Amino acid sequence: MKQIAFYGKGGIGKSTTVCNIAAALADQGKKVMVVGCDPKHDCTSNLRGGQEIPTVLDILREKGLDKLGLETIIEKEMIEINDIIYEGYNGIYCVEAGGPKPGYGCAGRGVIVVIDLLKKMNLYKDLKLDIVLYDVLGDVVCGGFAMPLRMGLAEQIYVVTSSDYMAIYAANNICRGISEFVKRGGSKLGGLIYNVRGSMDAYDIINEFADKLGANIVGKVPNSHLIPEAEIEGKTVIEYDPNDEISQVYRELAKKIYENNEGTIPKPLENIEIMTIGKKIKERLKKERMKN
């Protein structure tokens, strides 16, 4: 069983990417689980017709189990598989970690609890999974959100980014976390996924960033009107229009990720290097503004 984690700046299209990769793998006959590691608990909604599912932490609170240890909960069979795992598109297993009540506790606790619970309930083996995809909150590489890479649970980490300055800045911070944790047995970087967000996106900017990081760009997802169209319907592009070119892009990306067994230790850029890339982006924006 493979375990892969996806990180990236909030709003970069990470959940869209994860859901489409999951859908592509499920269509290939793989048994797939997607674990949403974001307190907003909407990571898997496009696999379930736009419907959100109860989170693991919400279920524990509703059953009055949030103060008990996981060993006690499992030993006394106080929680069942159907309480926390829901089926989505083409049999994909969907799990949402959730977070604490607003203003209370650590938002990363849900990630720690859900991964621990899934392992102790032996669900990965019982469900005979081929691959687990962790969709992890934005650019926070601390506490529970770092668990998939910190503990080496994921075989590789993939970072979703555009050529936007803040997306690159966040991607660099994530790679800094990867390079630090890998010294203690953490996960390596599988590569960057270039998610084109608009007409000003530039491949050469991402290529320069990847070269300096020592990272591969494993795929480029073009900007497409079909993506938001599909999401309004609560679907992936794979489900919404399986014959479109963008669906094939996701299939090829899914195949690359599933077959990749290699990882690298990134060399995060210093702030001065990130600022240099930022200035190049700024010059492009100014030139574009002058045209108009």
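From the backbone N, Cα and C atoms, a Cβ is placed for every residue, glycine too.
What Swiss-Prot annotates here:
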type    : residues                             : note
BINDING : G8, K9, G10, G11, I12, G13, K14, S15 : ATP binding site
BINDING : C106, C142                           : [4Fe-4S] cluster binding site
MOD_RES : R109                                 : ADP-ribosylarginine
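Around the Cβ of I12 (ATP binding site), 24 further Cβ atoms fall within 10 Å across all displayed protein chains. Listed in sequence order, V160, S162, N195, R197, V221, I227 are the same-chain residues at least 6 apart in sequence whose CB falls under 8 Å from the CB of G13 (ATP binding site). Of the binding-site residues K9, K14, K14 has the largest number of other Cβ atoms within 10 Å of its own Cβ. Each of the binding-site residues G8, G10, G11 was ranked by the number of other C-beta atoms within 10 Å, and first place falls to G8.
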